[in-house]
Structure formats: structure tokens, C-alpha cells
Amino acid sequence: MSDSRLVDPFGRRITYLRLSVTDRCDFRCTYCMSEDMQFLPRDQVLSLEELYAVADAFIGLGVRRIRITGGEPLVRKGITGLLARLGQRAELEDLAITTNGSQLRERAAELKAAGVRRLNVSLDSLQRERFAAFTRSDRLEQVLDGIQAAREAGFERIKLNCVVQKGRNDDEILDLVEYALANQLDISFIEEMPLGSITSHRRELTLCTSDEVRAIIERRWPLTPSLARSGGPSRYYQIGDEPSRIGFISPHSNNFCGDCNRVRVTAEGKLVLCLGHEGALDLRELLRSHPGDRERLSAALVAALNLKPERHHFDAQEQVQVLRFMSMTGG
């Protein structure tokens, strides 16, 4: 049993923090942000010291896993120093990063040295033109080189995250699994979440459910349920005795809220209790009004958990329910 003091009204203990360190990104993925995205003024983004104060308070309350997100976290100046401070915290069982992979070729080794244990790398296509269309950036080879650099650096696990969309990349599902198997990587296939208003595609038409993805994979390989858990919402399967795990994140077709053990803090200091709800608590105001007051911050976090909803209600057929883009929330 976790000793976390962060307990919501439904008895779920929060042991996992997803901490966004920037809303900025060197890609413009079509499902994550609009092409003309306006980033936050820098003074509205938490400083590195404020980010550490937030993480420190959560650790003190029983959080044992932290994932650093963005935007693209590796474009944040000074991020390695923050990671090194967190990497020294003996209480943490896991320190991970979600990245687009664009910076990994040069920085994988320093991330490993800082104490990062696991990487998630977004990869929606292995085809150059299609990758460029998804990301609005022609840097597929740079990302693939970065993944290889991360393998050489020796992370505990590296996982690919793929958002599958009908008519856009669902014909690459088997190719992506083959790439993961060949490189001993995990891969999670994700149903697109309806966050932020976009014009590049109609989500209700491109939604590809996890069951559909799984059926495609099982035409070639039988999938066996895995006992492995990552602390996140993925349901994992394995192919024979391959070390790679095949995961499915299914916010639409298989609601995973019952086991929710996580909260998010955005780059501007908003505590997001549920990905599918607009409500958030402003931690930045508290941090700047009472700098260094860990007790006050901790009390606010404990109290905020009373507002955590039981579940989200994502519906691909309805209008956008959350106007906040994924790049603002932290992936």
C-alpha cells in the first residue's frame, strides 16, 4: 500500500506526477497544437526553481514517479540541471521523460547521467513525407538517430508513443511494431484525445480504437497479456518471448479512470486533476506569493485532491470538451 497523503474522494492514491516544464516545442504536431500556436510569455512559465519546488512538495506527499513533459521538455534551457536534482531524490522510484526525440542524438547520454530511467518518444510514422505532415517538421532521420543514441545510452526502457488515425497512418501499424521489435523497444498505440480545437482533421472520422489496432496486429502476431505495469494507463501485451511490450491507451473505448493514480502540473503552474476536465488550481500564484513555503504548498495540494473527478467523459462524436491543447497540458 502506498503511503501517499494525496487521496481523492474515490479512494485513489496519487503516486504519479506528470510535470510539464515548457509549452514550447520545435514540432507542431497536428493533434497536439494548431499551426499558429502562440506560446506563453516566459514570465508566465514556472522557473526551474519553482518546478523543483512543486516536485519536492509532491515527493514529500508520497509521489514516487515523475514524468517530465512539455511541449518538448528538451528545448527548456537548464532542464538537465533540474533532472539531475530530481535524479538524486532517493524517494523516487522512477524518473522519466516524454520527448519528440529531436534532441536525443546529442543529449541522450547526459539525460541518462542525470538520472532519467525511461524515455517515451513520440513516433507516428516511419515515412518521411507523412512524418513531416504529422509534425510539420521534416526531421524523421534525426528522431530515428536519437532513438538509436538513447538505446546506446542504456536507459531501462524506451517506449514509442503512436497516435493512430484512420486514413493517415493506420496502414503503418505493423511497420511500427516491426521497428519496435527489431530495436527492442516498447510501443503504445494511443487513441487521439479531444483536447484543443484543430482544423487539420476531423477527430470523429479519424479515431482508430485500440480494439481495431489490436485486431490488425493479431493478424500477424498473437498477443499475450503482460503482467507488466508502467504506472500509466497502458494495457500491455507481448509477442512470444520478445522483450518488447505492445501497449494500448484507450481513453475512448476502454475508460481507464478507475485506476487513476496521477495528476498533471502545466508549465504555467496549473494543477490539472483530470485530463478530461477544464478545471485547474493555480499553483504559480501560491509559489510566487509564498516562495519557499513548502508546508503551504503541500496543504494546497492535499486539499485540491478533494476536487478530483471520478472520470472523464471523452466522446469522439461531440464537440471539443477541453479547449486546452495537449502541448499546454503536458503529454
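The backbone N, Cα and C atoms fix where each Cβ goes, glycine too.
Annotation comment: Swiss-Prot describes ARG18, ARG67, THR98, LYS159, ARG262, VAL263, ARG264 as GTP binding site.
Taken residue by residue with DSSP, CYS32 ([4Fe-4S] cluster 1 binding site) is part of neither helix nor strand, so it is coil. Positions annotated as [4Fe-4S] cluster 1 binding site by Swiss-Prot: CYS25, CYS29, CYS32.
TYR31 (S-adenosyl-L-methionine binding site) has a Cβ environment of 22 other Cβ atoms inside 10 Å. Swiss-Prot lists TYR31, GLY71, SER122, MET193 with the feature S-adenosyl-L-methionine binding site.
Annotation source Swiss-Prot lists [4Fe-4S] cluster 2 binding site at CYS257, CYS260, CYS274, citing sequence analysis.
Positions annotated as domain 'Radical SAM core' by Swiss-Prot: 9-234.
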Indicate whether CYS257 ([4Fe-4S] cluster 2 binding site) is helix, strand or coil by DSSP.
helix
Please identify, among the binding-site residues ARG18, SER122, ARG262, VAL263, the one with the smallest Cα-Cα distance to CYS32 ([4Fe-4S] cluster 1 binding site).
SER122
Conformational class of CYS25 ([4Fe-4S] cluster 1 binding site) under the three-state DSSP mapping:
coil
Write down the Cα-Cα distance for CYS260 ([4Fe-4S] cluster 2 binding site) and ARG18 (GTP binding site), rounded and given in Å.
13
